[in-house]
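What follows is a single structure, written as structure tokens, with notes after it.
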Amino acid sequence: MSIQTKFILFLSSSLFLTPYSVATEKSPQPHDGRLDEQLHLAKPNLPQKTPALLTNNNPSKLSITKEELAKHPDLIIRGLIPAVLQNNGEAVQLLLPLYQPLPKKDPFLLEWAEAIDLREKGYFSDSVKAYRHLFSQKTDLLPLRYQLAQALFLNNDNEAAKDQFQKLRAEQVSSDSVKIIEQYLSALNQRDQWKIQGGFSFLNESNINNAPKAGTKIGNWTAWEKESARGFSYFGNAEKKWSLPHNHFTKLSLEGSGKYYWDNKKYNEFNARAGVGLGYQTARFELSLMPFTEKRWYAGGSSGGNAMKQYSKNSGARLDLSNWLNEKWQISTALEYGEQRYETRKHLNGNNYLASATLLYLAKSGQYWFGGADYNRENTRDLDNAYQRKNVRLGWGQEWKAGISTRLILNYARRAYKEKDLIGIRQKNKEYASVLTIWHRNFHIWGITPKLSWSYQKVTSNHPFYEYDKNRIYVEISKTF
């Protein structure tokens, strides 16, 4: 009897005699957007399965080395067939290198094992291609349909994965298999749900208007005096994706943020931004293009009043790209262009450019590092307000013993203005900033973990009016729904 005949007979008998088992999802924690979100991915909590290879119902166990196994092709084939049927990635990766050199190989069995191997290595797109080729040859194999659906799920081809899981659920499969299929379908539905996040922090500003040292003068010009303010900042974000065929999606993003000071209301502000666009995603890669419009309301600052008024609007487009290079390294980039218009300060009308890149390293489950660089250019009608800003960032997040977590972010930037101002100085600044945040993972208030942050800012400049430093301590509270 040929290898292919044995394989087909085994497939047929296994489908009728035993329910097929399914493997636990294995994917990089992909992470698209903010860092806390990149580290979390909606996925089903699937049961662990016992590898079928080298186990049986007898108390005695078969023990054989890889070298000895290579001398027995029949044992390799007898082990590989149930391994692919049972979606046993570990067994397939053990046996596939031993099966590939054999002179007589079944092409279908070989390609199936290679598809599983690609999935286990994280090459989900290539794995999907292999599974689709296999499935085009044998559409009646339920284990193959399941594994295709799983690979599509891992590759973020949501619509195709949902279609395959729904078809699989309609088959006569075991109740345990139905439960696992429904876990996948539930996870797919969650991917298209609204993601809502909001939070606020208390503010106690001792130098809200970034004033230099008291008494700073340039000729007959005297710098403004410090002002203090107490209040809170707040933000809210809502985002929804709609999955489209072939890994594409549409996306809606709504963002709002502001500051409210009860004892110095002329510094109150509110910003709102809305964007809608298209994107493409796999398990490791995401690309999106989002046209947006943004409005700002502001009370006016030192020369303003207590009521906020429409201050400016900005419309443009943003291109985001995120790619996991492997399980530990991720690179994210963003390009943005906007046209900015002011209600009264027409001399600030112009356009703005942003280019940003961040490299993330997940050292282990409780530690991450990141570094980034940003370039920002503001073009305004009056050239003394136009500038270029170049920034570098470093960050470190750590989970410590006793439930303590910390996050440290350091920034350094250079800002250079295009022309001299009224005093005759072409401003060049060096900007330093740091934020240290600490919280206890087991301390919650209504399901929310408060975080204590200390921030420090310092600006040195060739323009004495724009040199200052300040620090503040604040409590940060946020929640994702």
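Every residue gets a Cβ built from N, Cα and C, even glycine.
The feature transmembrane segment, as given by Swiss-Prot for the ranges 45-54, 135-144, 175-184, 405-414, sits at 405-414. As stated in Swiss-Prot, the feature transmembrane segment covers range 233-243 out of the listed 79-89, 101-111, 222-232, 233-243. Note on Swiss-Prot: of 68-77, 368-377, the range annotated with the feature transmembrane segment is 368-377. Of the candidate ranges 118-128, 448-458, 459-469, Swiss-Prot annotates residues 448-458 with the feature transmembrane segment. Per-residue pLDDT, averaged along the region 'N-terminal domain' (25-192), amounts to 75 for this model. With a cut-off of 8 Å between Cβ atoms, the residues of this chain six or more beyond the transmembrane segment (353-363) that come close are 29, 35, 38-39, 327-337, 369-377, 393.
Packing against the transmembrane segment (315-325) from elsewhere in the chain are residues 28, 30-32, 38, 275, 277, 283-294, 331-339, 351-352: each is 6 or more residues past its ends and has a CB under 8 Å from a CB in it. Counting Cβ pairs closer than 8 Å and at least 6 residues apart in sequence, the transmembrane segment (368-377) and the transmembrane segment (329-338) reach fewer than three and form no contact. With a cut-off of 8 Å between Cβ atoms, the residues of this chain six or more beyond the transmembrane segment (329-338) that come close are 31, 38, 292, 294, 314-323, 351-362.
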